[in-house]
Amino acid sequence: MKLILLILTAYLLGSIPTGLWIGQYFYNINLREHGSGNTGTTNTFRILGLKAGAATLLIDIFKGTLATLLPVLVGASNISPITIGFFAVLGHTFPIFAGFKGGKAVATSAGVLLGFAPLYLLFLAAVFVLTLYLFSMISLASLTASVVAVISVLTFPAAHFLLPSYDWLLTITIVVLAAIIILRHQDNMKRIKQQSENLIPWGLNLSKQQPASHH
């Protein structure tokens, strides 16, 4: 019973469509009708600016962290935190409060890892920032960090680096989260191939792509 309640709570927590609600309540803008139409951090930054984007990022990360820590907070030591965190990501991606159309799972996945394996998250965040600096594309940075997450969760425990031992629940969760992130970035991958992906005005833009107009 406790497990079901925790799963439900995590899903509902993840379902809070941060960017969408910030847009509606503070800016009177429906994010679905602007930019990429996505309700996640990237589109919020692009359409509503730095303050709204930063708030969305932090709240979306916090949703994942809080959900992951729920079993600890209620004293359910027999329930795996990573499993509960996973349901927050599902909520974020398929939110009941926003017609089951949510974000691309990146920020909330980061939040889950922050609650479960913070040093490992720091490593993946470094991969993300480095890729972002080199190519100026948030989508490519998210995809690269996801692929590196899968490779590293399978190899790091063998080298006792950042992940001390194999944790099959963490491994499965990382693989599934990476798959969700990659699937949610199908349109971005097409645009990266066509060299028409949205760039941010930071970094080296190594692919020498011309800044695209907003899609």
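Just so it is clear, glycine is given a Cβ too, placed from its N, Cα and C backbone atoms.
The following features are taken from Swiss-Prot:
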{"type": "TRANSMEM", "residues": "3-23", "note": "transmembrane segment"}
{"type": "TRANSMEM", "residues": "42-61", "note": "transmembrane segment"}
{"type": "TRANSMEM", "residues": "68-90", "note": "transmembrane segment"}
{"type": "TRANSMEM", "residues": "110-130", "note": "transmembrane segment"}
{"type": "TRANSMEM", "residues": "134-154", "note": "transmembrane segment"}
{"type": "TRANSMEM", "residues": "162-182", "note": "transmembrane segment"}
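Simply put, out of 3-23, 110-130, 134-154, 162-182, 3-23 has the most Cβ pairs sitting under 8 Å from the transmembrane segment (68-90).
Listed by sequence, the residues of this chain that lie at least six past the ends of the transmembrane segment (3-23) yet keep a Cβ under 8 A from its Cβ atoms are 29-32, 39-41, 43-44, 47-48, 52, 55-56, 59-60, 63-64, 66-67, 70-71, 74, 76, 79, 83-93, 95-98, 102-103, 108.
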